Amino acid sequence: MLTIGTALRPGATRVMLLGAGELGKEVAIECQRLGLEVIAVDRYADAPAMHVAHRSHVINMLDGAALKQLVAQEKPHYIVPEIEAIATDMLVELEKMGQHVVPCAEATRLTMNREGIRRLAAETLQLPTSSYRFADTDSAFFQAVRDIGYPCIVKPVMSSSGKGQSLIRSEEHLQAAWEYAQQGGRAGSGRVIIEGLVHFDFEITLLTIRAVDGIHFCAPIGHRQEDGDYRESWQPQAMSDIALQRAKEISAQVVTALGGFGLFGVELFVCGDDVIFSEVSPRPHDTGMVTLISQNMSEFALHVRAFLGLPIGTIRQYGAAASAVILPELTSQNITYRGLETALIGDTQIRLFGKPEIAGKRRLGVALAVADNIETAIEVAKKAAGNIEVSGE
């Protein structure tokens with residue numbers, strides 16, 4: 001039976017978030033609801049989750065020694081990675097020393113780079129995926145592209161939010177694509193994956209929860225991407241019963257193989273009744289922010305319940321809902337927001353993340369809406385997001 005101590009007291013139950021962005025902030029809030037003591041960690045100060053944590057630290061999370069030292073200092077009961085750029089080998093070591101890594105250290109290690117999870121899905125589990133090759137030199141890259149054929153996609157094996165990704169349509173794009181991929185990796189230049197282009201009707205995120213009371217699924221989430229990052233997401237995404245069942249079967253296989261308790265964001269391509277595995281994150285997914293308004297329990301609440309070893313019970317979906325990002329372009333270390341009175345009309349909500357600065361384009365918030373149908377929900381969310389005026393000095 002779970003015992004939760006009182007935060008800031010000797011018997012506190014401590015949760016350390018590795019990554020303190022907008023997703024980590026919502027996880028921190030859900031932890032606070034249960035009286036957990038929250039320690040937020042990121043590479044920069046004043047990150048969103050730090051605003052709602054009991055304590056915060058700024059370290060290079062790719063530095064295993066620094067991470068180990070901080071864990072020894074804080075003695076968390078749960079280590080919750082919220083981003084990929086972490087010294088995952090150290091997480092494996094810490095788990096062997098008795099630390100509880102969410103969902104488990106092996107899941108974070110495998111999913112930190114696209115090679116680990118692709119080989120697990122395609123080679124170990126024999127799941128349908130796009131054709132693929134890996135390369136770590138320009139000559140191997142050029143040969144891999146020739147093997148896959150045009151058009152194809154190149155991505156660093158370690159990157160996020162579309163960084164370093166490009167679509168290659170012909171040989172003239174090869175050199176530029178290689179150089180861009182080398183610039184976009186989280187750990188600097190290195191290995192890339194080359195994937196054959198999948199022709200699909202739509203892409204979904206199937207939020208899959210592995211918990212003490214079994215495997216649970218949220219309704220499928222559709223989304224639109226631009227420049228490798230999501231712009232709008234909606235729930236539920238309409239799809240055939242056969243495709244949904246196949247999506248659930250694939251997702252269940254993946255999360256079972258990864259192990260541990262928590263919420264996983266499984267990305268899948270859907271073409272008619274066929275489903276192809278794309279990627280998985282062993283943590284809440286950015287497209288899943290729509291669940292802040294669309295369900296009785298958000299993806300963040302579900303993640304916390306699961307990793308604490310609590311039952312999930314019933315997930316209720318409230319009908320057509322959508323999210324739209326607030327994505328301004330400016331440079332400022334003193335960001336201000338206006339227009340909330342206009343944005344908050346009807347069944348809408350706004351989340352402003354509280355990021356400390358912006359240089360260029362950056363996701364600073366999200367608008368949420370429910371409506372009678374998906375198309376209307378998307379339009380209402382987009383309009384609400386567009387009504388937020390962002391400025392800075």
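A Cβ is built for glycine as well, from the same backbone N, Cα and C atoms used for every other residue.
These numbers come from a predicted model, not from an experiment.
Per Swiss-Prot, the feature N(1)-(5-phospho-beta-D-ribosyl)glycinamide binding site maps to GLU22, LEU23, GLU82, ASP286, LYS355, ARG362, ARG363; the stated evidence is sequence analysis. Among the features that Swiss-Prot reports, ATP binding site is placed at ARG114, LYS155, SER160, SER161, GLY162, LYS163, GLY164, GLN165, GLU195, GLY196, LEU197, VAL198, GLU203, with the record citing sequence analysis. Marked as domain 'ATP-grasp' by Swiss-Prot: 119-308. Taken from Swiss-Prot, the feature Mg(2+) binding site applies to GLU267, GLU279, supported by sequence analysis.
Comparing Cα positions, ARG114 (ATP binding site) lies closest to GLU267 out of the binding-site residues LEU23, GLU82, GLU267, ARG362. Looking at GLU195 (ATP binding site) and GLU279 (Mg(2+) binding site), their Cα atoms lie 12 Å from each other. Taking the Cα of GLU279 (Mg(2+) binding site) as the reference point, the closest of the binding-site residues LEU23, GLU82, GLU203, ARG362 is GLU203. Looking only at Cα atoms, GLU22 (N(1)-(5-phospho-beta-D-ribosyl)glycinamide binding site) sits nearest to GLU267 among the binding-site residues GLY164, LEU197, GLU203, GLU267. For the pair GLU267 (Mg(2+) binding site) and GLU203 (ATP binding site), the C-alpha distance works out to 7 angstrom.
Shown are the binding-site residues GLU195, GLU279, ASP286; of these, the residue with the fewest other Cβ atoms within 10 Å is GLU279. For the binding-site residues listed here (LEU23, LEU197), the lowest count of other CB atoms within 10 A around the CB belongs to LEU197. Closest to LYS355 (N(1)-(5-phospho-beta-D-ribosyl)glycinamide binding site) in space, going by CA atoms and restricting to the binding-site residues GLY164, LEU197, GLU203, is GLY164. Across all of the domain 'ATP-grasp' (119-308), the predicted model scores a mean pLDDT of 94. Applying an 8 A CB threshold to same-chain residues 6+ apart, the list for ARG363 (N(1)-(5-phospho-beta-D-ribosyl)glycinamide binding site) reads GLU22, ASP229, VAL325, ILE326, LEU327, PHE353.
Residue with the densest Cβ environment among the binding-site residues GLU22, GLU82, GLU203, GLU267: GLU82, by other Cβ atoms within 10 Å. The two recorded residues, ASP286 (N(1)-(5-phospho-beta-D-ribosyl)glycinamide binding site) and GLU203 (ATP binding site), have Cα atoms 14 Å apart. All chains included, 19 other C-beta atoms sit within 10 angstroms of the C-beta of LYS355 (N(1)-(5-phospho-beta-D-ribosyl)glycinamide binding site).
Of all Cβ atoms in the protein chains displayed, 16 besides its own lie within 10 Å of the Cβ of ARG362 (N(1)-(5-phospho-beta-D-ribosyl)glycinamide binding site).
In this structure, ARG362 (N(1)-(5-phospho-beta-D-ribosyl)glycinamide binding site) belongs to neither helix nor strand by DSSP; it is coil.
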